[in-house]
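Features of the protein shown, as given by TrEMBL:
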BINDING   D483, N510, G512  Mg(2+) binding site
DOMAIN    46-150  domain 'Thiamine pyrophosphate enzyme N-terminal TPP-binding'
DOMAIN    242-353  domain 'Thiamine pyrophosphate enzyme central'
DOMAIN    453-577  domain 'Thiamine pyrophosphate enzyme TPP-binding'
Amino acid sequence: METHIGSVDGAAAAADNGAVGCPASAVGCPMTSARPAPVSAGEASLGRHLARRLVQVGVSDVFAVPGDFNLTLLDHLIAEPGLRLVGCCNELNAGYAADGYARARGVGACAVTFTVGGLSVLNAIAGAYSENLPVICIAGGPNSNDYGTNRILHHTIGLPDFSQELRCFQTVTCHQAVVTNLEDAHEQIDTAIATALRESKPVYLSISCNLPGLPHPTFSRDPVPFFLSPRLSNKMGLEAAVEATVEFLNKAVKPVLVGGPKLRVAKAGKAFVDLVDASGYAYAVMPSAKGLVPETHPHFIGTYWGAVSTAFCAEIVESADAYLFAGPIFNDYSSVGYSFLLKKDKAIIVQPERVIVGNGPAFGCVMMKEFLSELAKRVNKNTTAYENYKRIFVPEGQPLESEPNEPLRVNVLFKHVQKMLNSDSAVIAETGDSWFNCQKLKLPEGCGYEFQMQYGSIGWSVGALLGYAQGAKDKRVIACIGDGSFQVTAQDVSTMIRCAQNSIIFLINNGGYTIEVEIHDGPYNVIKNWNYTGLVDAIHNGEGKCWTSKVKCEEELTEAIAMALGEKKDCLCFIEVIAHKDDTSKELLEWGSRVSAANSRPPNPQ
């Protein structure tokens, strides 16, 4: 079952039914296309109800770490046909895996134990919140009889108050439910899952450890499928917003479009491309929206990222007399230290439920997907910006040819990564210089692309790769990970091998936290070197399919890639790339200096 929130096929696969977090099977999303078989009364327990609900909404894999408060619950998840429990090495990676899975399948889930597991997964859930991903975080809780008894339990900080975990999750989830009795368990579970899908944010669901196996009349039948009604625009507001925007754009000489990351939340990728077709405008994407709309469209001009944009893209966007941003997130990283050369009075900002035209007016309760579709019907065609782009565009050069056995340069590595991409590929870019090098890759139609720009947690990519590959089994995922980031979360390469995944990991070994070096250097940015291929070989330990290689020059890289794509195509392939510590993209050098300047601004006068 597919839910199509942030589909692996980008905008082309975005759901067109207007439903929230739903498969494309029917308008309004009754979610009946993969309904589990009816269950007997003996199976009508809380645990099985939760398991069936997860399967209904499109979750086939739950990423878990067992602990004594969730063991019985895990038994019921395992017993559900169509649901697989993926045991992870730690809770942080389980959360990252659920994040990656949600990017591929539209919704993800993880299961941990009380407090020690919950607080460990918290960082990953915060990242999913920042990236607008529906992740259902399930925690096994204390026995329902222990609430209110003033008892002190293990896995706590030694106080009889069991609410610490809940209070921590309140700021990084859109809904929290603590299930301590059967009477309202059905409602609490359904509400939590529905809220995650509707809001496209994580939710926290705690289940007392003595409840999963217990039946209740509300669980006695195969649950009625969810029906999540699509959010609809206020028709008068929609009409007014479209009218104001059409007037604004039609009087502009060289308007442009820029796609942002909230296109995923609004499921508006296809509507955005339809607007491009209707308007003839040149269009770009913000860096965190890469992969959400096709890059093969003739009017695509690249990534708009201020001073580190794709060549000639910033010049066209910033010189436009009108720019429509669909689903943007403007922060210090995406604005390159607040150095955008944009003017508010020239901008139309379209958020999932709100439109702001210039300095005003603003229109609420206007759904982005509907708005873009209506706008496409009424905007005048104007190809001026695109024609200007074609006039000034000069194709990028190729990296210098390597001398025989010359130490491998990073730009040569990514020249070869580019050649590996096709419609059956997906790219995961770790926080660091891979952000900038992967941003320059030209994605074929259908090629997936993910990175965590808003939260930027180093180590995210290992768990996210595990989850994305598990959710997108039709893709061969290529991950570009720095050595510093890999050291944070390396253990779950083990889980990738257990799950028989065939991803390709390029481990870029340049001796430290290169992105932080370019922001502010110091001895803390140098890390202990590991024998990375030796580590992965030890994790492999002869069980499962895994192949490693260490490359130091282009000849060795070419040979390793040929092996990964050929003889070892069914293996997890780990290629350690030895790079010079100062070998970075020019974009990182520029971006780092501007972010450093923003970080080091003196306090305002008091």
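Placed from the backbone N, Cα and C atoms, the Cβ positions cover glycine too.
The DSSP breakdown of the domain 'Thiamine pyrophosphate enzyme central' (242-353), given as helix, strand and coil counts, is 40 helix, 23 strand, 49 coil.
Each residue of the domain 'Thiamine pyrophosphate enzyme N-terminal TPP-binding' (46-150) gets a DSSP state, and the totals for helix, strand and coil are 51 helix, 20 strand, 34 coil. Per-residue confidence over the domain 'Thiamine pyrophosphate enzyme TPP-binding' (453-577) averages 95 (mean pLDDT, predicted model).
Remark: secondary structure over the domain 'Thiamine pyrophosphate enzyme TPP-binding' (453-577) totals 58 helix, 28 strand, 39 coil, with classes taken from DSSP. When other Cβ atoms within 10 Å of the Cβ of D483 (Mg(2+) binding site) are tallied across all protein chains shown, the result is 24. The Cβ neighbour count for G512 (Mg(2+) binding site), using a 10 Å radius and every protein chain shown, is 20. Long-range Cβ proximity for N510 (Mg(2+) binding site), meaning a same-chain Cβ under 8 A and a gap of 6 or more residues, is found for G482, D483, A579, H580, K581, D583.
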